[in-house]
Structure formats: C-alpha cells, structure tokens
Amino acid sequence: MGEFKFQLVTLLKKNSLLKGKSKIKFIGEILAPMIVIGILFGLLYLSAIIQPDFSPRYASGFTEVVGRLKKLLVATNGPLVPYQQTIVNNLRKQIKLAHPDYTNEYIDQCFEIFQDFESMQGYFLDPENYRGVMGGLWFDENDYRYNAPKVLKYSISVDADYTNDNNIQISPRSDSQIYLRHYFTQIQTAVDQAIFMAQNVEIPMVVTGQRFPNPYIHLWQTWTDGRNMILKETGGIFITAAIFVGLFTTITNMVMEKESKILEAMKIMGLHSLPYYVSIAISSCYTIIPSTIIVIVVLKGSQLIWTTQWYILTIILILFSISLILLAFILSKFFNRSKFAGLVCFLIVLIMAGIGIAVNHINVSTTVKLIFCLLSPVAISLANYSMSMKDLELVKIVNPDWSIIVSENQVIGMLILDVVLYAALVWYIDNIISGEFGQSKPFYFFLTKSYWCKKNANENDLVDLSKAIESPLYLRKKDLDYNNSQDFELNEIHSSKATIQIRKLRKEFKTGDGKRVAVDDLSIDMYQDRIHCFLGPNGSGKSTTIGMLTGLITCTRGSALINGLDINQNIDLIRKNIGVVLQQDIIWDNLTVLEHLIFYAQLKGYSNLKEAKTEAKKMGIEVGLELKLHNKAGTLSGGQKRKLCLGIAFIGPNSNILFLDEVSSGLDPLSRSEVQDFIISKKKGKTIILSTHYMDEADLLGDTISIIAHGKLKCNGSPLFLKNRFGVGYLLTITKKSTEFNKDSVMEITNKYIKQAHILSDAGTELSIRLPMESLPMFSQYFKHLEDCKNQLLIDSYGISISTLEEVFLKIGQETLKSTPNFNDPAVKEALSTKSSGVKVGQQLKGLLIKRICTTKKDFKSFMFSIVVPLIILALGLVMYKNMRTIETFNDVTTPLTFSIDDYGDNIYVPWSISGQNQAIDLRIKNSIGKSNHSKLLPADELEDYLTLNYEGNPGAFAFGKTIIEDIEMLSFKVYYNRDYLHALPIYINFVDNLMLSNLGGVGIQTTSRPFQHIKSKFELATEKINFSAIIFFIILTLAAFALVVASHAGNIAQERAARIKRLLYISGLKKYVYWLSNLIWDYVLTFIMVIFLAVVVVIIDSKFRNQFPLFICALVLFVTAIIPLSYLFSYCWSSHGKATGFIFGIHFGIGLLMTVTCFILRIWVIKDDNDILQTITDIIDLVFFFFSPFYCFSKVMVIISNFPGTTRLGESYIANYWGIKFGLPPVCFLALHTLVWTIWIMVLDYYPELRGKYRKGRNEKSSPPPPSDEDSDVSHERSKVLSFETSNDPIIMRDFFKLYKGKGKAKDNLAVYNTSLSIPKGQTFGLLGLNGAGKSTTLGCLSGEVIPSGGEIFVNGFNIQTQRLDALRSVGFCHQYNSLIGLLSAREQIRLYCRIKGIEESKIQETVEAFIKMMDLGSIGNSNVAGYSGGNKRKVALSVAIVGNPSVCFLDEVSAGVDPVVARFMWNVITELKKDKVIILTTHSMLECSAVCDRLTIMKSGKMMCLGSIQHIKDKFGSGYSIDVKFKKEYLLSGINLFQKELPNAKLVDHHDLSASFELPNSLDSPIQLSKIFSIIERNLKPILNDYSVGQTSIDHIFLKLTNLNQQKIKNQQKESIENHIIDINNNNNNNNNNSYLKNHKKTTSNNSILTNNSTTKNFGSSNFLDLESDNTYLNNLKYLEDDDFNIEMPPYQNSLKKSF
C-alpha cells in the first residue's frame, strides 16, 4: 500500500506539471463543459422566458371589432325567422350604441346573411374574404318564429386553428385563451347579450377573461415547459457530453503515451497499473469536478431538478463521472494509435446516451431498462428522465406510469454496479489486452495460482554458480544447440552473481508471409558488476530480446530469470529493479529535464522530495545536462534527449538491472564519450545490458559480448576471447589517397613478406588486410618497405591494430548478410546512371495518387472511420428525413362541441364571488347563480388565493363586480380559466349567462363551437409539406458527416507534415501545387463517394431536391471543394493526426451547427411576425455567415431547397427562382469564393519561402557578420576563392551565408551559422562534422531550402536557393536523419514513388526499382510496409530514395546512424560508387564513416568552420605524428598510463576511458619516428601490460577532439571518475594478484615518479600510483591533491574517514 501511495503521489505531481505547462489547453478543457451546459441552459432559459399572460383580457368587445375591422357572418337553414332576426337586430343596436356615428347602411354592411352553413363557410374560405371575417353565427334551429324556445341554441364558427381541439377537454399547458385572441368570446358575449335584450333582461355587462392566478410562482415551476420539452428528453446527452468532453484529451494522451512507449517504459521501471489509472482518474477530476459542479449547480441551483434532493443528484453525478472515467479507460485500451481515439470514444459515449432516450420510451419492465443501465450513459439518461418526470408530475403536466420508469435509487444502484464492473473490466482488460507493447495474460489469468501468489525476490533466489555448478539453469556446453560451441566462452565459475539467466527464449511474429522468428532459442547468462553487450545486424533480435526481458514483448516460448524471478510470471516484481533506455525517447516535451529526473527518481524509490531533487540534480550533472536542467525536454537536441533517457534509466536506489538499447545512437563523439564515461562510472553493483552498433563502444564498455544474427546467438565471450577466436592476428587498415589506388600492388608487396595475408574488406577509401599472428617478426621489414613505397602505392595513411570487435562483427556478418552491393550488375549500373528525363507534372501526380491509393487501401481502420462512419451518419440522416413523422402545427378539427359545465363531471364545483356594491344586482346574481348545484360562493378577496391553492381540478371560476365605462355603471363579469382545460373560458361564460337568463328571462342558452375549415397561413402553407424535425436532423447529421470526413483528410496532411514527408517530397523535386492537387483530387474522390450517395438517395426519396437537383449538386460539389482546402489550412495548427482530426471536426461542426440553428430561429421569427426589418437584418446576418463558413453556405442551400419556413420572401407564397439573388445564388457564389480563397491560401502559405526569398533579395538583407579574426587559413583561402568567383561553376556555392535565429521574449539571438563561404566541386564527397548544435543541420537545411538563410547567397546547381528554389532542387537527393518514409508503403512502392517524383521515364521505373531493391539487398522484405523494417533497412530505403534518379547533388544527413557495421560499410560502398559524377554532402557523427567516404571535410563549432580540406591535409596540419590507441589489462588500469609514457616519453594523453587510452606521438621533421620503431618498442617493452593496441597516423577522431575542445579538462574528469569507481575493484584484484614480473620490475621506477610530473605538456593525473605508492602518507598526499585541485571531487566516505584518522 505504501508503494501504491508513493507512486500515486508521484504520478499526480507529474500530471499536474503537464497540465500546468499547457495552460491554454487546460483552460479549453474547463471551458468546453461550460459551453455544453451553457447551450442546454440557454435553450431552457428561452423556454422559461416565454411565459403566459396572467392579466385580464376583454372577452367582450364585439362592437370594437365588427364593422371597423371585421364582418360577422350569420346563417341558418333558410331565411332568418323573426326571433333570430331580433337577435341580429340587437347586435346592430349594440354597434349603434357603441358607435353612434355609424349609419344604418354601414352597420348593415357589418353582417352577411346566408341561408345555409356551407354558403357561409364558402364565403369565409374565399382568400379575398377571410381576412375581413370576424366569425360566423349559426342558428341551429328555425322551427320557432316569434317566441323564444326554452333553450336557445346557436353555434359560433371561427377558423378551426383559432379554437382548441374539440375532441379534447383537458391538455396540460394548452390554455383556452385562444378563444379571447381570435374573437370567439367576443361573439359569444355579444350574442348572449342580444338574447338578454330579446328577453327584456337589461343587465349591461363587461366580460373579461383571465388565467387562473399563476400557481407556478416558484423558480422550479417556471422551468416546466423547458423541463418537458428539452431536459426530459435530451438532458442525459447534454450531461454526458459536458462531463465526457473533458476526457477527450485524457483518452488521447493515454493512447499517445501507449503509442510512444512512455507508459510501458514507466511500467518497466516499476510503475504499477493501479496507481497509473488512479492518477489519471484523479487528474481527470481537474476538469471533471468543475464540469460536475457546473452540472449540479445548473440543474439544482436553478431548480431545473426540484423534487430530487441535492444529495441524490450529487451522488448520481459523482458516480456517473467516475463511471465515465473508467469507461474512458476501457475504451482507450482498444486503441493503439491516437489517430481517432478521442473522437471515436466521444461519439461512442454520446451514442450510448442517445440509446437512453429510446429506452425511456419503450414499454418494457424496469428490469429490462436496468439491464440497459449497465451502460452508464444510458443510466444517466434514465435518471434524468425520472427526475424530470417527478417535477412534471407535481404540476400535473404528465401522468407517468411509474411501474415502467426507473427510479433515481435504482439508477444509483446500477451506477455503483457500473463503477465496480468497469473497474473490474479495466483490471481485466489491462491484463489480457497489452496492445502493441507489453505482455498479455491469458483470459483465465485470475484463476491461476501464480497470479495471486507472487514470488518475492531475495538473496536465496539468486543462482550462485560457484555453489550450483549442476544447476539446471547453469549454462554448459550441453545446453548449447549451436553447431560451433567453440565460439562461446564458458566460465565454469564466476565470482559475480548470475542476475540474468536466459533459457531457450524464443519470439515469433506473424507476418504476411507467415511466422518470422525474431529470437531463436536464446540461452545466456549475465552477471552483476558487468556490462553485457548485445551486438548484431539490424533486425537480428537485440531489441526484441530486451523487450522480452523487460516485459515489453511477450515470449513465444522459453523464459528467463532475473534476480531469480521468472519473466513470464513475476515481471511486476522484476521491474522494481529495472532501468531502461529504449530506442524511442520516453519523455514529455513540456516537462523540463529536472522535472523528468525528479519524477523518475520518485517513481523508482526516492520517497523524500528533497532527496529526489538532490539525486535528480546530481544525475543531470553526471549525464552532462547541467546547463539544460530547466529547459523543456522538447527543446533538447537528439543527443541531449538520449542523455536524459540515460539519466532516467540509472536514477533510483534500486535500478540494478539496466537495459540500454542503442543508447548512443546518433550522438556526436563528445556526447558518446560522455555517455560511455557515465556508464563505466555506474557499473559497480549493476548488471548492464547494452545494445549498440558502435564496435569501439562495445569494445570499450563490454565485459561480455554476444553477437546475434537472425535471432540466434552466434558467439559469446569477452572482447579478448572473441578477438582471439575470430580475429586471428592483426588488422592493417590502409587509407587510399585517390581513386587510382591499386589494391593488387599493395597485396603483392604484402604477400612478399606475409604469405597468409588476405583482404578482409574494401569499403570506400579504406582497405583492411588481415595479417596473421605468426607473421609478427616480419612486421619491421614489411612496414619499412611499405613506408618506402607509400607515395608510389597512393597510400594516404595506414595503421595496424590487433583484431577489433568490428572485424569480428564483419566476419560473422559476412556469413549472414550481404555487405557489398553488386555494382557490376548491368541492371544496377543502369539504375544508378538513370537520370531524370525532366520533371513531368502528370507523372508526379500519378505517383502521388498511387501513394494515396496504397495508403488508403492498407489503412483500413482509417478508411472505415473517415468514409464508412460518415456514410453511416449520412444514411441515418436520410432515414430520419424520409421516415420521421410530420407534426402538424395547426388545429384543423371541425367537429362541433357544445359547451357544458357537465363535461367536467357531476361533482365539479365552481368557485365564484361577488363584490357586493349593488345589492339589487347582487341579489339577482345570487339568485341566478345560487340555483346551480355546481356553484360555490367565496368572499371576493379570497377567491384568487383559493384558486392558487386549489389550482388542480378546478377548470374555472368567476367573479362579479362593477365597472364604469363612460360614466355608465356596468356589471363586471370576470371568468377565471385553468390553463389545462382547453374550453374552460367559453364554457364558463355560457354557464353564467345560461343561469342568469334562465332565472331572469326563463330561457336557457346553449352555445356550440362549430369551427370553419382552417385557412392556412403563409407559415403553414410554407410548412404544409415540410417536416421541421426531419429537415433539422437531416441537415445537422449531413454537416456532421462531412465535417468528420474532411477532418480526417486534414489529419493525414498534419501527419505528413510532422513526419517531414512533405519536405522530402519537395526537396526531391515535387512541385508544390502538384502535392496539393494530388491530395485534393484523392480526398475529393473519397468525399465524392458521400456526394454521390447523398445526391442519388436524396433525389430518389424527395421531390423537392429532385426538382432543384442542379442547385443542390452545384452547392454540394462546391461545398466539398471548399471545406477540404479549408481543413488543410486548419491542419497547420496541430502536429498529430488524432488531435487535428478531433479539433477540426469540432470547429467545422460547431460553427456550422451554431450558424444553422441561428438561421432556423431567425427565419421562423421573420415569417411569424411578418417583419420586414427583421427579414433585412436576417439577410445581412446570412451574408456574414456566408463569409465565415462554407458549412453554413451549404446548410442554407439545403434549407432553401427543403422550403424551410422563412425561406420565401414576405408577401410571397413560393420561390419562383431558386437561383435568385435572395435565395440560392449567394451561398453558391460564396462557396465558389471559399473554394478559390482557401485553395489559393494553402498555395501561398506553401510558396511563402520562395516569395519571401524573392522579395528579400536585395531588400533589407542583413549584412553578414565579419569573418572571425582567428579564422583558419584554409577556410580564409576558400572564402577568397568563393568571393572572387573562381568557383562559379561548382554545383554548391555558399557566399557570405549565415543564419540567425531571433530570440523570443528575453531569449538571446542565436547565430546558428556564422559567415560561411564555401564551394564544392562535382565528384566530391564533402563531410560536415561537429558537435550537436554546431550548425550542421541548419547548414543542410538552408542548402535544401527547408530553412531560409538570414543573409548571403547559396547556389545549388547554379540556381539561387532563395529566388530560384524549384530550379535549384530539380536535381537534388536528400536522405533525412529521420528517414521521412511513408510507413504504409513498401520499399518498392516508396522507390517507385520517388522515381516518378524525380521524372524517370515510366518504361524504366520498374527495372530501376528492382535494381535498387537488389543493390540494397531488400528483396526479401521489398513488399512489406516500411514501418515494420529494422533501422538499417529503413536507412537503405531512405538512401535509395535520395540517390534514385542520379541527382547531381545529394544531401545525406546521418545516413548510417543507428545501423550495424555491415550495413554501414554497405552504404559507404554505395556512396563511394555514386560520388564520381555528383556532389555529396554528408553529415555524420562517425569519424570512421567520414574517413571512409569523404574527400574533403570541415569541422564546425558554434556555427564556424574550424578547418577545411582533405582528411590527409587536416591530419598533416592538425595532427602531430602518430596516434596510439591502447587497452590495458585490468590490473594496470591506473599504472598503465605512466608506464606507457615511461617507454614513449613524447606520447601525450589525448583521451582516457576506463581501460582504454589514446595517445598522440608527435613526429617532428628533425627526428621523424618510423612506424616500425614504434611497433618494436610496444612489442618488446609494453606488450605485457596491454590487451590490445593500434598504431596509425593521428586519426580524424583525435583532431575532432582537439578542435572541439575535448581537451585536458575532460581527461582530468575522466581520470577522476575512473579512480572513484575502480579503486576498490583494483585493490581487490591486486590482493588476488601474484604481482606479475612486469610490475615487480617497474615498481621502483614508478614509485619515484611524482604524480605532478609528466613528460607531456599537460598535467597528468597520476591515478596509477595508488597501487604502487608504498606509504600511507603518499596515498594521503594524493588524496589531498585530488581535493585541492580544481576537480572538486566528492571523495568516497571510506577515503574521507581514512584521511581523518591520520
């Protein structure tokens, strides 16, 4: 538990740092949920602010309407009978009384009399009449003529839509105020008053109608409409989106950590899955908690959710948030690439929430619904529905069946179950699905004993071979299955512990060609305190073996014990002691170096933060990053990143097993030297497994060397054993002076003295000859002859060494690999000489289109997501558009309805009151109303309170009072009506009038509503055949589908840019517009699948789109052509496919949706309000939206074609011309404009460097800085030649060129390349050497056009790279350091593509491709995707891409970085063969490579050229005779240097690593030293103390070290570290040593040597004297020297205590 807590805290700190470093992203994660909730709240708020009118409105007022505005139609069956005529006349009297100025003739015109209902309705339905009609009065019976019947029946007719549905009595929130608004009650009260007059009952009344006092006076009640229409249905989706949107980045980052191996690297170094997931969950809460709080505050604080308690809602949302986090973990496990992970997971979760909406409405038991709740988004939708229904039930809006509704408590139970289930699934899936990396357990792992009963590591678990010779795990000859067991050094007893024991380890991979064995039954032991080096060709199985040992890869068969624990069963325990450096950097770009080291220090065991910081700083200094501790890792160079990874591996108190996989790959000599020193200094107490391609590094560091090929162990032993076994003597290395060098002449002289001599290799400018050991006595004569004939034989220099590991490797490699390309093959010769026939646009376009076809075909998942998923979304939209039920927005029910209070039941009581101010009237009213059994008299001042409290079940009430109008006192009669009762208002008017007239006049009144047929309004006519919802959903889903597909296309562009594929294509001669044209064409083709599908289906299913097909297809095509280039532009904002796709989709869809919904709302308002001003404003808004979004342009066209309400102009009933200026033409024109603008913009953006270069030429150019005063004479001479135009015909010319990077903010400017003038003639290979940051890559970038120079001129092939970039790069090849290969193409497809890019004739492409495949020995893998190639094979493909087409200039950036010596020599031969007719510029960190292939070179430092010339010239100028490299025997580690300098007094120590040392032996002209004499001294006097040595002219390595200031201070530091780390070991060795004779003979001499005295001009640190000094005082003086000198060494404790005791 303690370890869990500690790892958790450490991870949380790291996560917090990462979030803190990405403030903008973090703010976006916080704002995104707020925006989602803001949209929900906005919709709800709009519904809440539209509240009904609770003020009284006149129900009478007939006389104010009729005549002045409207006519009243009157009809009966036949002519009006007298009594009916009396009623009509009384209506006329009412008008006359109200308007005395009206003439009788005018009043007569206010009425139209008909003799049947049909005639009256026909008049009303006439479009010319209906606007002037108030309504109709129909007398049902005409069998009475003079006397009134007992019940006078009449019907009122108005437009059916001006009444409520006569078939329904009660409907929540429907309201009967409609009868007030459309003159029904005005007619009713006037006719009733006319009947009163006919019966001589004179009671003038003013009737008003008023809704019941608002019972929903509380905040929670004001949301009722929004709750019912929005929250109840879609609330679950909004809540899910708001919370899960914060997990989008979490999922993407998790998958990216898995994809980049960071996660597995952390696990390898001891991280457990549980704290990792818990830390991610807690870190997710940084965004989830605010999101959840916002949701709770909005829902509960605003009282959207009322009935449900705070704590219930909080529990539900907390559980739901936890479940979403766990669900995100589950979903992320199914993605190995971050490409679409975040977006797909987001869509999946939203779909789950959408399923919840459907589950709410299906009529099944709660048990079934609870099963659906196993998906937590479904559960939140059900919970939201239940909570909303409870609130709606309180206001009687719904009457739910609770037996089929899941309750909140049930949801809480299911969410708890979900959390537990999801947590178990995370645990289970994490174990059985490892993804691309890591070990997968069997599906039944939890049933195995080994999983639950872990074995603990202890001392007894370690196999001590000194006591267990017969152990089954002990490696003996009988354990070896190899044919040549003599190639294996078997140590029967070893003093160290066997910490790693590998037995029969095997790994098989499934490939398209069947199974491929990567590691073939490997068995080997590795020991503590030793460095075990894995060597082998690329793809030999080294990294796979390390992967299996660290748990990164699952074993197919076999096993290994690490510290006594089985890797197949106890990998988690093993990892507690492991440190690892993978080939891929396991760092976060936004964390600093110090933050990385602190994090890993704490992760690996330093619980105290202060202690972790101290160790982190110490480690940062030890790996050479003391000046970069506070720099972000993303700003470090490649070498510095490797150093950081090295520090990460070694930091921690328990990192005792170290796996270093090509740790020094790509490092410059300085960095590599520092790394080697560091590894040596840390060896004690550790087992280090190192894989490398540097043989000198393996020789220097390795205690044991294992060489693997094709997964098999070829040999194993100490470096000395392997050299003796495979070297068989000495290696003579001759450097050729020119191409005329004749190796046969050299061999003739050699064989004259040494018969058994033979050529080992002939690569580039180096010839290696094997000299047998027994020929040693002939060396003096042989070298004397060789020296005499040196110039004649065209020998530049030569050196001799005892067999090297490189030789061993080459010898073994020759058995398994091809190391020399067959240049004599006619096909190869033809391929190498095949030149471009001229760049052809059509050919380039063809090549790029084939590339896109191949990558699309091979990346099926991406195709599914980018095309198939959008097609599904599109199909869903079409299905909804076709099948969604049309909802009528008007009432067309004409069924008559007779109003009666009895419709509300026999037990209904009508509350009423009377003011009591006129006793006579009050009495008459009481007598009339009191007769009813339904009435209930209340005090006037209590009525409204009563209605408020008794809202439910009361259809209506009324109150009598008085009012004064124009000094006339009149009876006031107010009807209160309940909103939920559709016809309450006319019913209660009829109820009162009927009772009063029955009591006072003896006649009853029966009023009936007999609606006219509905006359559709403009809006209704516009929507008559339109399905609102269908159109809206169709358009939204269409926008989503196209947004998704173009976002995916943009992701591909972002990926190619980030991988530098686009740059390589441009440098190779691709015309930029062809690149964009090819992408546009292919993306158009893919997108037009959707276009065709949409066009065909929509035309088939919908006549409107069929009729306007030209407009629709034109808009659709232009829409696609506009959004793709716009998406390309957006892609520049992101460097990963996944983030580009997700964010671009969000931008497109979000903006398009927002603008489209705004359009819907505005257009509906325009037509409903019939508002010309609003229409003009909306037109302007349209134009603004057209300008900003092509998505809105297309949605507008769809809106127009679908005849969405408001698309027609006011006053028009249809669209006469869909292409009109107010309709389809503007959006189509804007779409065309978008297409043009965005396409041109991406071109301009890409052509900007050329345009800028042409503009800057001669304008505002910065003057080059003056040449340095101490400039080398050769560099100065070259400058003079270039400036005097003596080299104007050379292919490469740099004239006063420099590059200045401007510092941002307070950062200083960085002059990356100083004033440089250089020319390179044809046929020359030019080497650029220098430390990281010296300016090599910047120089190469400027030469290739990637980087714009700050000043000066650069000419390539005679063209200015700034102003004539395309011409300059027409015949240029580039091999980038980062390969820049297309992973989904095979080697053949890759080379074929660049053949077309470079303009090779189509008829020659196939043979050229096959020739390159043959030359590069790629035949067996030529059809496999490059992504699966080893590093060496990738470099072969990259080199092929660079040289295909026989370019005149080749830039090779670290061409052999990370490849084994066999492949490296292979490449050197290729380069040597190619350079005959071209310029090759090579950057490299390999001095051996430079010596082998370069004709001329420069060493750069701080942007300046420190030297210039051929290798021999630089050796002659900066070298000083001979260089001697030696490797001492272990017992002479400290004394060897002094002993060596004793025999060769003039030898200067140049470099020192552990047992190895490099000396420089000056060779003055006065007394030159012969090579034969040097050999004689070494063989005679120094041989007993040496394991190995080599002698030669001063190497370029030594000169490099000298010119880059790798000087004496470094030597002192190296010696200091050697003393600290080896003094104990050597003392132990010395105690066990019998003092060999050589040491005895020299002891007196060495003891008299002062530690401060040296024959060399440099103060030498006499570490060797520690063993030879005879007195303790001398030893302590040495300690004092160490302490007082400028080394500032922190002495080991035992030394300090010893010193104090004296």
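Using the three backbone atoms N, Cα and C, a Cβ is placed for every residue, glycine included.
Predicted, not measured: the structure shown is a model, and the values here were computed from it.
The transmembrane segment feature in Swiss-Prot is assigned to 30-50, 236-256, 278-298, 311-331, 340-360, 362-382, 412-432, 985-1005, 1026-1046, 1142-1162, 1180-1200, 1225-1245 (among others); the stated evidence is sequence analysis. The domain 'ABC transporter 1' annotation in Swiss-Prot covers 500-735 and is backed by sequence analysis. According to Swiss-Prot, the ATP 1 binding site annotation covers G536, P537, N538, G539, S540, G541, K542, S543. Under the heading region 'Disordered', Swiss-Prot lists 1257-1276. The annotation domain 'ABC transporter 2' is assigned in Swiss-Prot to 1292-1527 on the grounds of sequence analysis.
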Around the Cβ of G539 (ATP 1 binding site), the count of other Cβ atoms that are within 10 Å: 23
Cβ neighbour count within 10 Å of S540 (ATP 1 binding site): 27
Assigned conformation of N538 (ATP 1 binding site) - DSSP reduced to three states: coil
Residues within 8 Å of the G536, P537, N538, G539, S540, G541, K542, S543 Cβ centre (excluding the ATP 1 site residues themselves): T544, I708, A709, S1430, D1460
Contact call for the transmembrane segment (311-331) against the transmembrane segment (236-256), three or more Cβ pairs under 8 Å: yes
Intrachain C-beta neighbours of K542 (ATP 1 binding site), sequence separation six or more, cut-off 8 angstroms: F534, L535, G536, D661, S691, I708
Residue numbers, six or more beyond the limits of the transmembrane segment (340-360), whose CB comes under 8 Å of its CB atoms: 233-234, 236-237, 239-241, 244-245, 247-249, 251-252, 255, 324, 327-328, 331-332, 369, 372, 375-382, 385, 861-862, 865, 1048, 1137-1139, 1141-1142, 1145
Cβ contacts the transmembrane segment (236-256)/the transmembrane segment (985-1005), at least three under 8 Å, sequence gap 6 or more: no
Intrachain neighbours beyond the transmembrane segment (412-432), with Cβ under 8 angstroms and 6 or more residues off its ends: 273, 277, 312, 315-316, 319-320, 322-323, 326-327, 329-330, 333, 370, 373-376, 379, 440-443, 445-446
Intrachain residues whose Cβ lies under 8 Å of the transmembrane segment (985-1005), provided they are six or more past its termini: 59, 148-152, 154, 176-177, 179-180, 184-185, 188-189, 192, 195-196, 199-201, 203, 207, 209, 899-901, 903-904, 910, 924-925, 927-929, 931-932, 934, 955-958, 973, 975-977
Distal contacts, the transmembrane segment (362-382) - CB-CB under 8 A, six or more residues away: 235-237, 239-240, 316, 320, 323-324, 327, 349-350, 352-353, 355-356, 403-406, 410-411, 414-415, 417-418, 421-422
Confidence summary (mean pLDDT) of the domain 'ABC transporter 2' (1292-1527): 84
